[in-house]
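In what follows, a single structure is set out as structure tokens and then discussed.
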Amino acid sequence: MENAHTKTVEEVLGHFGVNESTGLSLEQVKKLKERWGSNELPAEEGKTLLELVIEQFEDLLVRILLLAACISFVLAWFEEGEETITAFVEPFVILLILVANAIVGVWQERNAENAIEALKEYEPEMGKVYRQDRKSVQRIKAKDIVPGDIVEIAVGDKVPADIRLTSIKSTTLRVDQSILTGESVSVIKHTDPVPDPRAVNQDKKNMLFSGTNIAAGKAMGVVVATGVNTEIGKIRDEMVATEQERTPLQQKLDEFGEQLSKVISLICIAVWIINIGHFNDPVHGGSWIRGAIYYFKIAVALAVAAIPEGLPAVITTCLALGTRRMAKKNAIVRSLPSVETLGCTSVICSDKTGTLTTNQMSVCRMFILDKVDGDTCSLNEFTITGSTYAPIGEVHKDDKPVKCHQYDGLVELATICALCNDSALDYNEAKGVYEKVGEATETALTCLVEKMNVFDTELKGLSKIERANACNSVIKQLMKKEFTLEFSRDRKSMSVYCTPNKPSRTSMSKMFVKGAPEGVIDRCTHIRVGSTKVPMTAGVKQKIMSVIREWGSGSDTLRCLALATHDNPLRREEMHLKDSANFIKYETNLTFVGCVGMLDPPRIEVASSVKLCRQAGIRVIMITGDNKGTAVAICRRIGIFGQEEDVTAKAFTGREFDELNPSAQRDACLNARCFARVEPSHKSKIVEFLQSFDEITAMTGDGVNDAPALKKAEIGIAMGSGTAVAKTASEMVLADDNFSTIVAAVEEGRAIYNNMKQFIRYLISSNVGEVVCIFLTAALGFPEALIPVQLLWVNLVTDGLPATALGFNPPDLDIMNKPPRNPKEPLISGWLFFRYLAIGCYVGAATVGAAAWWFIAADGGPRVSFYQLSHFLQCKEDNPDFEGVDCAIFESPYPMTMALSVLVTIEMCNALNSLSENQSLLRMPPWENIWLVGSICLSMSLHFLILYVEPLPLIFQITPLNVTQWLMVLKISLPVILMDETLKFVARNYLEPGKECVQPAPQSCSLWACTEGVSWPFVLLIVPLVMWVYSTDTNFSDLLWS
């Protein structure tokens, strides 16, 4: 039924043709069941395991690897001789990588689907209905309830469907609907129509929503929606419709894979075409087909060389390390790629309650009457420190601490707060914090009594558990609470009837009253001044109300409660307590004692975090279900708005936002910093608008209602105290529910992205080097310098360790002084592409050069000519060009060992280059990242292992090197550092100056100024080593001459 909240009870019952006392007939139930179906949320049709597995192989990079593995496997099958076993190593290793990758992917996907299933937790199993086949209420399965059923609900029940209340059978009906609306305080319901057809769920006071809990009272109602038509069902549909966006990193890697695949394909085809002339060479037995297959194998080797197989593993490791660091800061990341997405967050949409504020109501101001003279009066105003439930704080008057027992009015005010109260404080030893037991408002009054300590109770030496209610206990020992007149909507107050524990002639029974100021003060005939009772005049009443209005609408927007007493109440026997309509008669002729103002205070650390966000170019938007006045007041206190800033067109209620046309709504999302009184659908709409501006949005939420928006936002952030649905729909969970934790996570995300850029570029330049190496050997006609199994070893192991260690690079000091990076910014810019291409070309040329050195110039080598080396395939005994040359030397393991050793050593030097994008090694020495130094040592140790420990040299087709050969390796490898230092210098001084927020002061050109910040220990270590390496003779010049 549409808009049931706007209809009267009679209209709703008439719509379903049902009587409240008898319920539906079985015939009606059958028809309605056929029309509306079962009252349950349909199970999510998840993808089958096979579909999920196939999905993992849709990535282009993965498909290329798979193709390379299949071709390698086929070629290995037809391999002959000693290489048969080693030929199978390559396809098996690639397949293992792909299987591991698929397992991780499937596991992550499975987790994502659990969010919708978690909604079913909120479906009750049973419901109590009235139907015509029985004369009394009957319990049936909740899924059998249909629209039109008359349902009975009582305290502790879970509401089985969306229900329009028809009658309330207790004084009040309180409902905890926090899972749906995010409201932390239980809501008082009534049966009157709510005329507004566009009312938000918070304002539908005559409706009960499926999945919410009854906190107090008993009532009856008619079911108006079941299953997917309920509010919780609409949330489920929205979640099903929400497609998970790929993170910026995933998009970047997809683009990179696409570019790489095109480049690889072109190079492979080019290598094959270049060598068409060699297909008939004698070494292939003169068979064109065998020649074609041989060069096809080289092209496959090239594909393996070009693909950074270690990249998925290194990225996963880096993100996992990042999540561990974040977990220490109370940010628990559920989805690995979202760690990096945090780094480009440009908007944070945050809930108010519990995230920007403490979610711990606290009294911060109060007043009592000081003097009254006719229509004029003066007030004693006090402020109270402390913003949590901890009973620690002081009462101040004119910024000076006061002793509350010196004011009679404060003693009586504390007595009312302690006795007219059903809540208490409790110390949670496990968490080490004070918590509320009961309602938030009443707990704030309990905490105030502890801070006031009006009877000067000795508190020293008490344990924290005893301290929690020490002062309240003293007051409760003086008077005994006989009964309570519960809160009701008509009088907006509650009261307790108390009698003295030690009866005497002077001490009599009293009623203590608290409630909304306008309701209570209208029923006050007197006011308390000190210990005397003075008649209330119109002037005094006006003065009191003007102060309360100022508190309620000023910069604090406090929630005010008036406190009063009835000094001579009727005796209990004279009261008719069964009918709550009589309660207002007994709460008249009251004496006004004072007023307290409370609020949910902002967290102390939030203001500095909001300031940090502003510095970092991140817009903070508060989105709350609270009213606009309170929301704007909190925004001013934490710095989202300035103290005097005009909030026109910057703060909207959900209703105001809906009334705007689409163009104005876009503008609102572009400029606004506060949305109040919103529904979940508004959150999703705001996220959509922000995404249309290419903003990367982080959205916080804790209720079931927040799940669709959490799923839609790039970064969904659930509260640690939130619902299971919110947590499963989100990418990150805040263990401490604290806004400042989000800002710390954003900072960590930026640092992780910077480090990731470094190791991705490091791995790419390594792969470029390998491609150039294979391309050069093919183009020059040299023997193979590197074989696939060696390339796999380098890509996965020796490169993988330093790449992972680059994830530990220290973050830049000014990381939060820069605006968020553009998510569309390429991973590798034009200049960086040139830079790493240049480095890669050197790596490839040096690797080929090392192999050529052994053939042409090494003392223990064959010393063949360049022509003989480049035409080695024509080597035969009867060829005059190869007279005196043993053709077997072209299959020697030494040149491969030289090439592999140079490749590994250059990569270690390259890892040092990647310590910083543009900072020189002279200013940022290797020990800035001790993990990197350790990983380089480990990688070199592993290289020595495969060189010198049998039978590994046989598997990798290499052989041990002597000292001279190692010196040559160092001579060829070290120039890569000088080369990158030159490129960094160009970038620093000519291409990328001015990217910093703060421009450096101009420096003088003195020698001291130029060497400032240089790490002299590094200089003293490296210079003698380089001089020694290049002073030894290794026939390096012979290679260059040839």
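Even glycines carry a Cβ here, placed using N, Cα and C.
Both Val240 and Arg923 belong to one identically named topological domain in Swiss-Prot, hence to the same side of the membrane. The ATP site in Swiss-Prot is built from Glu442, Arg489, Lys514, Arg559, Thr624, Gly625, Asp626, Arg677, Lys683, Asn705 plus one of Thr345, Thr353, Thr798, Thr804, namely Thr353. Of the residues Glu645, Glu656, Glu907, Glu917, Swiss-Prot puts just one in the Ca(2+) 2 site with Asn767, Glu770, Thr798, Asp799: Glu907. Among the candidates Asp702, Asp736, Asp814, the residue that Swiss-Prot names alongside Asp351, Thr353 for the Mg(2+) site is Asp702.
Among the ranges 73-93, 409-429, 787-807, the stretch that Swiss-Prot annotates as region 'Interaction with PLN' is 787-807. A straight line from the CA of Arg677 (ATP binding site) to the CA of Asp351 (active site, 4-aspartylphosphate intermediate) spans 11 Å. The transmembrane segment (757-776) shares the most Cβ pairs under 8 Å with 828-850, out of the stretches 49-69, 787-807, 828-850, 897-916, 930-948. For Ile307 (Ca(2+) 1 binding site) paired with Asn705 (ATP binding site), the C-alpha to C-alpha distance reads 44 Å. Residue annotation for ATP gives Thr353, Glu442, Arg489, Lys514, Arg559, Thr624, Gly625, Asp626, Arg677, Lys683, Asn705. The furthest Cα pair among them is separated by 36 Å. When averaged over the topological domain 'Cytoplasmic' (985-1042), pLDDT in the model lands at 60. For the topological domain 'Lumenal' (777-786), the DSSP counts in helix, strand and coil order read 4 helix, 0 strand, 6 coil. Look at the topological domain 'Cytoplasmic' (808-827): DSSP puts its residues at 4 helix, 0 strand, 16 coil. In the three-state DSSP reading, Gly625 (ATP binding site) counts as coil. Checked against Asp351 (active site, 4-aspartylphosphate intermediate) by C-alpha proximity, the recorded positions Tyr294, Tyr295, Arg489, Gly625, Asp799 yield Gly625 as the nearest. Between the C-alpha atoms of Gly625 (ATP binding site) and Asn795 (Ca(2+) 1 binding site), the distance comes to 53 Å.
Closest to Tyr295 (3'-nitrotyrosine) by Cα-Cα distance, out of the binding-site residues Arg559, Asn795, Asp799, is Asn795.
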